[in-house]
Amino acid sequence: MHIVDALSDRAEHGLLRTLDPRLRIMAAALFALVVVSLSGLATLLTALGLALSVMLAARLPAGPTLRRMAAMDGFMLMILVLLPFTVPGTPIVERGGFTASAEGLIKAVEILLKANAVVLALLALVGSLDAVTLGHALARLRMPANLVQLLFFTVRYIGVISEEYARLRTAMRARGFRPANTLHTYRSIGYLVGMLLVRSLERSERILAAMRCRGFEGRFHLLDAFAYGRADALFAGLTAVACTGLLIMDLTYAAAV
């Protein structure tokens, strides 16, 4: 919840704030589908540049956004570093009987560029929406009701569970708990996880009872209706042109190679 709120609060003053949330979700999905189908490095760099442009238009905070991207890249690099040694091709490095290929290195860079472009676009277009608006837009797009509710409650209460975990950890430290490679530590962590699950279940039952008291019947009643405007038509056209241009550029690059 905190991540979504931090992005949405800053994005209130961005150029994308007036766009219909449904259009932003569809544009992000279309861009992601196009990007994962690309293969040329030049085209992927262009897609990454477009995603950065959308991030700037959304006025996302550069520091937190780039730190999240760096965390994702660090995790991916631990996996992708092995790819050059598993893809056959022109050898470029030989170490300890293992050979890294140029084709494997190119494939690793392609995957990294795709992931960064897609995640940046998702953060700018979808991540800057607050949880209620996102759930409302997904419901208006006729997404499955159970999926929308699951997404909404996950985003809404993940912060609550995190706070509950922090309180339990504080209580353990107040009782002198210090983690170590001992059976007592493993047993204590098991108790911590179990207690967190028990408290989460108890809280979910209280929330469900409160919602039923307010007339909840298993679905949300949508009161407001979204409406497309001129800005939405312009953005939809720009998105279509950008995605088509990326596909044409990639086909041209593939034909040249």
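Using N, Cα and C of the backbone, Cβ positions are placed for all residues, glycine too.
In TrEMBL, annotation is done automatically, which means it is predicted and not curated.
The transmembrane segment annotation in TrEMBL covers 25-58 (among others).
If one looks beyond the transmembrane segment (70-87) by at least 6 residues along the same chain, the residues whose Cβ comes under 8 Å of a Cβ in the stretch are 93, 98-105, 107-108, 111-112, 115-116, 119. Positions annotated as transmembrane segment by TrEMBL: 70-87 (among others).
Taken from TrEMBL, the feature transmembrane segment applies to 117-139 (among others).
What TrEMBL records for 233-256 (among others) is transmembrane segment. For the transmembrane segment (233-256), same-chain residues at least 6 beyond its ends with a Cβ under 8 Å from one of its own Cβ atoms are 16, 19, 23, 27, 30-31, 34-35, 37-40, 42-43, 46-47, 50.
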